[in-house]
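S.K.: My questions all concern the structure below.
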Amino acid sequence: MLFDQIASNKRKTWILLLVFFLLLALVGYAVGYLFIRSGLGGLVIALIIGFIYALSMIFQSTEIVMSMNGAREVDEQTAPDLYHVVEDMALVAQIPMPRVFIIDDPALNAFATGSNPQNAAVAATSGLLAIMNREELEAVMGHEVSHIRNYDIRISTIAVALASAITMLSSMAGRMMWWGGAGRRRSDDDRDGNGLEIIMLVVSLLAIVLAPLAATLVQLAISRQREFLADASSVELTRNPQGMINALDKLDNSKPMSRHVDDASSALYINDPKKGGGFQKLFYTHPPISERIERLKHM
């Protein structure tokens, strides 16, 4: 059951990443069609930009993300309990010991980042360390170590980069349209254009406007799939499903983080740091904790 869930979530995540690349290609084609009279040229440029974004994030993610979240690095002397739990989980998972950080925040949360198991780090809030017992802390760190072992950290980083590239291209196109770039380039075509030309123009405009929203939803879907996988993988490491269930229950009752968490980092956390209601639920970076608990109960 556990390995079936892991395999299923991995397949779904790669499908979602493919959708990301298709969205990037669509925006690139639309921008190229509108502004340089070459949809294919725009597509190629967009894919190159996405590749550059992904590479830059992969090689710089750890320092950038930890700095953005106000995390401070600790060691065996300054945070022995957390350090030893992470060390134990890394040993069981057969990965190198990740760097360990603490975020001074009363909310209960944690995340992992990095480009690969050899260059990874985990962070936990001070609130989590104050509330969780040993078994629950092991479950949470097992969850984060699983993100590292399963290369979720790399996939999440690529997703952030591609979403940023799509948003950047759409924003650039919007500014160009504001200054009349598309109108000047296609004014003659539109004056005598046929139905197909008008349809292509409308579709291109819709792609530019809607692609960032679609990219956000795909990024959230990737995060949600990886959370299910990491929950299951944590149980595999600890052999203690009840510990994970108890930890999730405490996370569910935690308040939002007091410090500002940017959208790119939100998807990394074990618990959505920006809790809200109503329409905001559509943009939650995580599946409902009640659903995560139910899946664990039926493993």
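Positions of Cβ are set from backbone N, Cα and C atoms, glycine also.
In case it helps, Swiss-Prot gives these features for our protein:
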- 15-35: transmembrane segment (TRANSMEM)
- 39-59: transmembrane segment (TRANSMEM)
- His143, His147, Glu227: Zn(2+) binding site (BINDING)
- Glu144: active site (ACT_SITE)
- 158-178: transmembrane segment (TRANSMEM)
- 198-218: transmembrane segment (TRANSMEM)
S.K.: Sequence gap of 6 or more, Cβ distance under 8 Å: name the residues on the same chain that satisfy this around His147 (Zn(2+) binding site), in order along the sequence.
M.R.: Ala112, Ile153, Ser156, Arg226, Ala230
S.K.: Would you say which of the recorded positions Glu144, Glu227 has the most Cβ atoms within 10 Å of its own Cβ?
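M.R.: Per the Cβ count within 10 Å, the most buried is Glu144.
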S.K.: Any chance you could find the range in 15-35, 39-59, 198-218 with the most Cβ pairs under 8 Å to the transmembrane segment (158-178)?
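M.R.: Most contacts with the transmembrane segment (158-178): 15-35.
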S.K.: In whole Å, how far does the CA atom of Glu227 (Zn(2+) binding site) lie from that of Glu144 (active site)?
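M.R.: Distance between the two Cα atoms comes out at 10 Å.
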S.K.: Can you name the far-off residues of the same chain, 6+ from the ends of the transmembrane segment (39-59), with a Cβ under 8 Å from a Cβ of it?
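M.R.: Same-chain residues near the transmembrane segment (39-59) but 6 or more away: 21, 24-25, 27-33, 115, 154, 157-158, 160-162, 164-166, 168-169.
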S.K.: Give the nonlocal contacts of the transmembrane segment (198-218) in its own chain as ranges (CB under 8 Å, at least six residues past its ends).
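M.R.: For the transmembrane segment (198-218), the far contacts come to 16, 19-20, 23, 26-27, 29-31, 33-34, 159, 162-163, 166-167, 169-170, 173-174, 186, 190, 263, 282-283.
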S.K.: Sequence gap of 6 or more, Cβ distance under 8 Å: name the residues on the same chain that satisfy this around His143 (Zn(2+) binding site), in order along the sequence.
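M.R.: For His143 (Zn(2+) binding site), the qualifying residues are Ala110, Ala230, Asp231, Ser233, Ser234, Met244, Ile270.
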S.K.: Using the Cβ centroid of His143, His147, Glu227 as the reference point for the Zn(2+) site, which residues of the same chain not in that list have Cβ within 8 Å?
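M.R.: Output for this site, in sequence order: Ala112, Glu144, Ser146, Asp152, Arg226, Leu229, Ala230, Asp231, Ser233, Ser234, Ile270.
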S.K.: Should Glu227 (Zn(2+) binding site) be counted as helix, strand, or coil on the basis of DSSP?
M.R.: helix
